[in-house]
């Protein structure tokens, strides 16, 4: 029986291994992590991450050929294939601070693998890593190998949160990069045989190591670039009276462009986009390509600009001050159908409003109060370290109240900011919300989920990203 061990029980490791176990009943899969609370959660009825369909997959396999354990060294030493899916945060100090990936966790994982291995192993990079990481890992393993042979493969994940299980069941492609040697080829074929249990052969792509590592960064940079492109257009639409939904639809009808990732919003979030672009920028700079680095930096600049623009619009619309005014925040996750708040635009929007002394009442159907408070008190990039190494939030933000109901959040509020496109926000009783708000009542729709016409008729002053400005907003210099 082939044995697979995955180091890291997070958003990537957990779902990926659960699906491998489901699709390959003849393979034993163990997910290991040093975090006791996380492994306890994976072994309970309340999984540590929310992902549609994940519960079902885990319950079918857990205890049969899928196991979750904190006994890291035992399972690594017994495995034939070791996936490494650990945090690769952005460095906050030293060489490459603010851009380069911090490979501390990766390196310690590699040293531990070398230390405990008693048989030859295939080591698979599953975390998003900078190009040439495999080379560094290879050196660590080889220099500490005690005669054991290791083959390094790069197998980047291309999961979208909210649809991760579906993405794993029917991936657009599975990418496996390895050394162009007979041993490397053999390792590639061994991993290919795992995925071939359910993925059609023509969707399993094999490349050299560097191409596989760079393809992941490139894919995320291209996706983020599309969002920044449509968001840049949304600002122009507001300035000219055009409608971004109509422009996006027209543009997306071109088959060369296609309709995906063309929804204007308050900005992109998630654990990968910004991190991967910063990484790309750093790699370009290190390789003497400043113009290329500058090009990719603009994608993040537009994203930051969009979040600032949204905050400025809220403040300037409400008589240039939100001091001591209650503002309802609907949605905190970076997108619908996930509880993930990593790099969510809601953090910067909330911090911007708090900077102007607003009182916030926040509702998100999947995000806990503890998580929201942590996000609002943490420094940039701290979120990407394992939970037990994150600074504990010493104080809660007093002007923030987290509630479990949209109507409670909006009661007595001066304005409502919609920051996540949860389906339930489309069907709220906005007449009831309006009746219980201070007047004039504002909606700042950062996801274009509200029916503007209906909201206008109820009496709201509505700001929607990239839509023609409300008469009220046209007179305001910071918005118009």
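FYI, residue positions are counted from 1 along the chain as it appears here.
Any Cβ shown, glycine's included, is placed from N, Cα and C.
What TrEMBL records for this protein:
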ACT_SITE  272  active site, nucleophile
BINDING   8-13, 33, 38, 86-90, 127-128, 161, 272-275, 342  NAD(+) binding site
DOMAIN    328-452  domain 'UDP-glucose/GDP-mannose dehydrogenase C-terminal'
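In this structure, the binding-site residues 87, 274 were compared by how many other Cβ atoms lie within 10 Å of their Cβ, and the smallest count belongs to 87. Distance between Cα atoms for residue 161 (NAD(+) binding site) and the residue listed as 'active site, nucleophile': 11 Å, as a whole number.
Recorded residues residue 33 (NAD(+) binding site) and the residue listed as 'active site, nucleophile' have their alpha carbons 21 Å apart, per Cα-Cα distance.
Listed binding-site residues: 8, 90; maximum Cβ neighbour count within 10 Å falls on 8. Along the domain 'UDP-glucose/GDP-mannose dehydrogenase C-terminal' (328-452), the predicted structure has mean pLDDT 90. Straight-line distance linking the Cα atoms of residue 11 (NAD(+) binding site) and residue 272 (active site, nucleophile), rounded to a whole number, equals 12 Å.
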